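Under the heading FAD binding site, Swiss-Prot lists 13-16, Lys35, 42-49, Asp208, Glu364, 380-381. Positions annotated as site 'Important in orienting the L-aspartate substrate' by Swiss-Prot, on the basis of similarity to another entry: Glu113. For Arg275, the entry in Swiss-Prot reads active site, proton donor/acceptor.
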Amino acid sequence: MGANQFDVVVVGSGAAGLYACLCLPGHYRVALVTKAELKTGASDWAQGGIAAAIAPTDSPQSHYEDTLAAGAGLCDGEAVDFLVNHAPQAIAELVQFGVSFDRHGQHLALTLEAAHSQPRVLHAADTTGRAIVSTLMGQVQARPNVEIFSQAIALSLNIEPTTGHCRGIQVFVNQTIETFHSRAVLLATGGGGQVFAQTTNPKVSTGDGIALAWRSGAQVRDLEFFQFHPTALTKPGVPHFLISEAVRGEGAHLLDRQGKRFAFDYHPRGELAPRDVVSRAIFQHLANTEKDPTQATVFLDLSPIEPERIQRRFPNIIRRCLHWGVDIFREPIPVAPAAHYWMGGITTDINCQTTIPGLYALGETASTGVHGANRLASNSLLECIVFASQLRNLSLPPLASSDSNVNQSIKEIRLDTTNDLALLNHWRSELPRLMWQTAGICRQAETLQMAIAKLEQWQEQWQQLSSSKLLAHLPEDQKISLSGPGLNEFMQLWAETHNLLDIAQLILTSALFREESRGGHYRLDCPDTKREWQSHTVIEGTRVFLQPSQSQD
């Protein structure tokens, strides 16, 4: 097998991608491709936990029912059943790998989270994602069959034209574009929160896997369903940090810039209304009262809570806010809603197989059907582990004989990176603002149509960039050696902007198509949930259609 030939190429180094590497058969040669340094994915940021029905008083059936209730009629019952019944084994495997979950004595500690009927959420202090990713990374680095390519950017999938099979991926790495030929490609690139002006996702969450798959003809679905958290610490230059709903549960007030407690203007329960209601209240209040609502905040005032109780209940929030210059005992926390989790993704079955043979997807990149229209808390890390476990049984066809003599010729190209920088940076600044205002927490047909028209204009301009004309249609049988000022930074900016423009178009199209409100999708002009829309929104190429839901509720 040649240097650029692999059995499986895994794209993404969060919990999903790392665990996939560990679950793939040990005799497979695996390439792990990650566009940044390791441990910059969203699962490393996950403060929440991982859910499993392991308590004597709990059951997979109860976990199943809670998941379906949260999913607002769009969960796939078979996928949810698979998830909850494999959850205890997933926890056992993580413990065996060395993840140190919190314990009460000899027993794993379980906490109760929103919309769960039983305490079933395991934590590793308040940084569960980091604990899992750190442990898995150590295991992957020790695997002799896994070759890690850091700061490598996936550009396009290699689809065999006669069979339609995915046979590899084109990658920019070490200032060279080359094709990694493989028997399968697994996309585990996380979500796309950077398409919105406010997000809890890290900078690398630009929807890469979903964009790559869609451009290659894979089916994607339910992309209108995005979960927004109502209260994230929001300061210029500071990464968004979630302020738990428990803070409002203890009595904290939401105030606007004038000091008005405004939440009761939108719902009789005020700050204690459901998460999506509070998010909409803040979003609408900022739209009504601020000149630039995409950059504005409201304030979470903890003064009604006794200081001793704050210290006992929220030590991590105290520490993190203080680190970013906010003393919560002396001042309110500036907060705003933020895009948090993308329920939709590349359509897959329970074996991670997409609609393209040889192409697999996992984690937030995939749409397995377990989340429906609204994810149940702490099911996302679980989904990564449970579905990755299926890859132990992965059987692949031989590498195509045409791939045995590849990348022999090298072509050198100098890229003038300065020409296109202004437009690329303009889109990276303006696209998240446009999406936040038109496809964020509150949507309506008129503004969605306006945004789609703007996106179509930007897409046409993107295709006319000198860099796009040069890079978008490179031959797969050549290595391309690139040079130019600031090349690595430019290539990441170019590729991510391409992906963000595409996923923005997909979100807008799906949101306009669904003429109702359900789960993580709210239409001001269609505020009711309608039985006839209890179906998945599917996009395949330019075709948009409904697919009946397999929900068992």
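A Cβ is built for glycine as well, from the same backbone N, Cα and C atoms used for every other residue.
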Fewest other CB within 10 angstroms, which one of the binding-site residues Ser13, Ser380?
Ser380
Can you check what DSSP calls Glu113 (site 'Important in orienting the L-aspartate substrate'), collapsed to helix, strand or coil?
coil
With every protein chain in view, what's the tally of Cβ atoms within 10 Å of the Cβ of Gly49 (FAD binding site), excluding that atom itself?
24
Find, among the recorded positions listed as Ala16, Glu113, Arg275, the one whose Cβ has the highest number of other Cβ atoms within 10 Å in the structure shown.
Ala16
Glu113 (site 'Important in orienting the L-aspartate substrate') and Arg275 (active site, proton donor/acceptor), distance between Cα atoms, whole Å:
13
At the Cα level, what's the spacing in Å between Gly49 (FAD binding site) and Glu113 (site 'Important in orienting the L-aspartate substrate'), rounded?
9
Coarse DSSP state, helix versus strand versus coil, of Gly49 (FAD binding site):
coil
Is Arg275 (active site, proton donor/acceptor) helix, strand or coil when read with DSSP?
helix
Would you mind reading off the Cα separation of Ala16 (FAD binding site) from Glu113 (site 'Important in orienting the L-aspartate substrate'), to the nearest angstrom?
23
Distance check, please: Cα of Ser13 (FAD binding site) against Cα of Glu113 (site 'Important in orienting the L-aspartate substrate'), rounded to an integer number of angstrom.
27
What does DSSP say about Ser380 (FAD binding site): helix, strand or coil?
helix
Could you check what DSSP calls Ser13 (FAD binding site) once collapsed to helix, strand or coil?
coil
Cα-to-Cα gap, Glu113 (site 'Important in orienting the L-aspartate substrate') vs Ser380 (FAD binding site), nearest whole Å:
14
